[in-house]
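Worksheet: one structure, shown below.
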């Protein structure tokens, strides 16, 4: 059962009708041929879907990027990697379930994978804290990146977080310091690092995992300094102005590629990643493989120096870049 | 009688008196309500003489008091592309920038200077909260990179005074990208073996705290400064409970191991001199009266740093 977004309501109606028609036909005693009508409705629905997704507004992209059925970090890990061996804990305070990570093989090559996991039902969402990491999550990631660096393993990071968790304990244990150190660690790695933003790239909590040699984004994912709602409530003094804020922030993959902030856009199936998980995961595998291939032959010192150079040069040209 | 009373103090006074207009000779302390005479207040570095409340101070005022004889040279900061996103909320971003420039008389939210403190050559960078909340955009990133490059070039420590609400939303993702950019700047200093000292002042929050402000070799904060990643209001909305008194203030962070020291502004200069001299392997600072420095030795710096910035 698909969960429809508000702008998909007309689509929900048509698909609902087609479904209803088929249900009636199945339930009726006599032979009833509804296939023609149902197919006509299906056709209408797919035309409408194509139309809706042809040019999503930035705010609609935010909604798609946050869709509860969108494939999450653990789906990518189980589809794209083999021998995934989760490693837990920051050796300091706790194990943060909002951050997954460990050793794994990507196309037979041993790597370290880290990522934010949002969870996909009430129980797992609470356990994962909706993908909002605490300092221990970043410190676990730092530890894993350090491990990757020492054993010459590439780092693959999957970014999907509304932001770092704004809680009392998180602040007490140094949320800022943990994020700053994670970004710093990314910049110290002498191994290839590829980041893929699969849903939401929320502010500093995302940067801590996305300061990579190559940064890619799924077609309908977002990456922003602040949520559109947060921006609207500060600059418009009205959190209902999130559509305008989403527009102004330039948080879509397409705008970020123009700004030179990301390197590659990974295409999503028609109607968004959640409508065809297999196709999404295949496209992600392909993109990560290609980006990694660009890096594996670079000498360790160059990998670090080039990564630093990339960020130092970033934004020099604005939208014209 | 020495050169400070004869030469420097009149200069400093003339700078401050130029700024004062007759109708703001008195400032009311936001904390205790005492009326403070402007000269008394500026002599005390904008710290209330009654209750010790630390009021905002601009980087320029701070640097006049920090550097020997108030003498420093501004380090040039490369200008970034103006309004990179063509950002528009209720106002256009370039209009907001112009208003801030008019109100503060500064180009942007960070001032970088080179000079000496207690005869110790340093580079200092000061963030200006009065300029759009000190927010970190491309310019602030460029300023920190320029400060680090200058420090490496001249082999000097960098002292950074942070004050910001966070990233500059009007530069969207490019403001966020200042987190890795400024981190690279800090790495330049670390790899050159140079001290990087952060003085966290009220307020230092958001992406600024989560990048260069928390990566210092030494973290010193001014008393009662708010220092956090997420602001108290956001946290209260998230956890739906009232936060304890003093939460996320400098003393609280000191207790939680995030700072090395909390030091009053009036004692900061001496402390910075002591620390930087030890970290640079220099002998202890000479206390007491010093002979006037030879101006030629100061890279041709003019008093007050109003000269054309060096390139």
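Backbone N, Cα and C atoms are what each Cβ position is placed from, and that goes for glycine too.
Curation plays no part in TrEMBL annotations; they are all automatic predictions.
As recorded in TrEMBL, the features of this protein are as follows:
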DOMAIN    B:25-294  domain 'CoA carboxyltransferase N-terminal'
ZN_FING   B:29-51  zinc finger
BINDING   B:29, B:32, B:48, B:51  Zn(2+) binding site
REGION    B:286-311  region 'Disordered'
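Each of the binding-site residues B:29, B:32, B:48, B:51 was ranked by the number of other C-beta atoms within 10 Å, and first place falls to B:48. The average per-residue pLDDT of the prediction over the zinc finger (B:29-51) is 92, rounded to a whole number. Secondary structure of the zinc finger (B:29-51) per DSSP (helix as H, G, I; strand as E, B; remaining residues coil): 6 helix, 4 strand, 13 coil. The Cβ centroid of B:29, B:32, B:48, B:51 marks the Zn(2+) site; residues of that chain outside this set whose Cβ lies within 8 Å of it are B:30, B:31, B:33, B:34, B:36, B:49, B:50, B:52, B:53, given in sequence order.
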